[in-house]
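Listed in TrEMBL for this protein:
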- 12-33: transmembrane segment (TRANSMEM)
- 45-66: transmembrane segment (TRANSMEM)
- 58-173: domain 'Phosphoethanolamine transferase N-terminal' (DOMAIN)
- 78-99: transmembrane segment (TRANSMEM)
- 119-139: transmembrane segment (TRANSMEM)
- 160-178: transmembrane segment (TRANSMEM)
- 249-538: domain 'Sulfatase N-terminal' (DOMAIN)
Amino acid sequence: MDRVKSLSQQNISLLLAIYIGIFLNISVFYRRFDSFSQGIQGIKVLSAVTEVVAIILFTFFVMRLISLGGRLFYRITASLLVLISVAASYYMTFFNVVIGYGIVVSVMTTDIDLSKEVIGLHFVLWMVLVSALPLLLIWKNSLRLTLLEQCRTPGQRIKPLLLLVAVVALVWLPLRYLDKAQKLDEQLKTVDLPSYGGVVAHSYLPSNWLAALGLYAYTQYDESHDAATLLDPTKEFTYVAPADIDQTYVVFIIGETTRWDHMGILGYPRDTTPRLSKEKNLVAFKGTSCDTSTKLSLRCMFVREGGAANNPQRTLKEQNIFSVLKSLGFSSELFAMQSEVWFYNNANADNYSFREIIASEKRNDGKPVDDMLLVDELKESLGRYPDGKHLVVLHTKGSHYLYSQRYPRSYARYTPECMGVDDSCTRQQLVNAFDNSVLYTDTFIANVIDQVRDKKALVFYAADHGESIAANAHFHGTPREMAPVEQFRVPLMVWASDKFLAEPQHQNAFENLQAQQRLGTQHRHEELFDSILGCLGYTSPDGGIAQKNNWCQAPEKKVRHAN
């Protein structure tokens, strides 16, 4: 213990860098260099050594840099860096999670309920056992010769600063060399790969979550600064309403994590959608999400195509369709089983209630907090606006992991299920639980439709993103440039009431939808803005609706527009 106390802050930083850089990244090394089992190649060995050295030196650099804040600041900040890295390593090791912006925004969301559901006993034990040693080093050491102390001491300033410069060079130069070598290889093989240094930075702890956290902080500043300057399409374009719009109701259901390839109505062998399959006025499409996590998809799926920037954080540039409908004279209410308050504010609804508010209502006393509570909220909202021209947005929990918590026991049709976050589950158990959650979603959507069956109404459904489901991987949020295809697979559905279809214009539009369904046409999140307006019967003489994205546009007109 005396030996630990006598170590300088520089030595402590090096030990912590080795611990985080090597021990916490073992799973990353295994994944990135498992090809060693097939034979050792010189460039692979060089890459492995470079990456190990780079991540150790980067962590050392960060640890030294934060000591500029003094001993107490160093203890607190270094402890946070260790704890966050240990937590991230748990999910990287056992769930194959790629820590990127999507994961960070999911952690930083105000929706604690969903976040805590992936924390179990194994996670707590991992945190205690793995973080104990580095925390001991941080808090039991005297931390002599911090960078702040050395910079204040004449004769001791140059050496530690030169050391940091050397560290930067030793990290940057080898990565730069390998990046150039990769680019030469790309030219020979005519392939396009992401930058080598960028992949390394986003693969290892702690640089992966530090980069994502920095991006998150920038995004928060950027959005707070630009919120008032978002383009309002209703001020840029002319939207002409159909004659019957005043009696119309619109319900939009935002699904969570549901995949189209697990829905019976879209060809899945299991009958996970028994009620929706019987709806004669329903069309369902295989869809592609615009991103892979809730917060990112909510930015890009409801604006005009291009209304969210194509950067990692999906910076908003325009107001979304719900805000536009409000500007076009719709009243609107939003009810959610999640807590993405930033998005609910952007929807510009007359009123919104999220999970905690809904659960606190007397009629929900003792009830499980699940999606079905939204049906009662919808019923009351419709009663408050008996004359129509009313929008209701329902944000569900859908199929969010832990899947078995998304449905009551009566919906456990497929067994055995994965029942707990600490359970060692097979892929089949995970799939069974996921499919049961889809079965419950089927009932929920059908119950929503029942509430507006006797009205002039349209119901839209779109899940925010898909999910990777395997024995050792059941997550989403992978950066979209490297995400597997299943994280983009989302169902897109439209239901129309008989009263809505009584108008010939709407009947013709719906027949266009049915024709696309028969052809197996696939659609995208980016088309929702134009399709909601188009299917309601709105037109825009000056380009406010992109007809190529309007599902309800007649096929022959689409061809003329394309030419």
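Each residue's number is its place along the chain shown, starting with 1.
Glycine residues also receive a Cβ, built from the backbone N, Cα and C atoms like all the rest.
All TrEMBL annotations are machine predictions without curation.
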Could you tell me the mean pLDDT over the domain 'Phosphoethanolamine transferase N-terminal' (58-173), as a whole number?
89
With a cut-off of 8 Å between Cβ atoms, can you find at least three pairs linking the transmembrane segment (12-33) to the transmembrane segment (160-178)? Only pairs 6 or more residues apart in sequence count.
no
Could you give the number of helix, strand and coil residues in the domain 'Phosphoethanolamine transferase N-terminal' (58-173) as assigned by DSSP?
91 helix, 1 strand, 24 coil
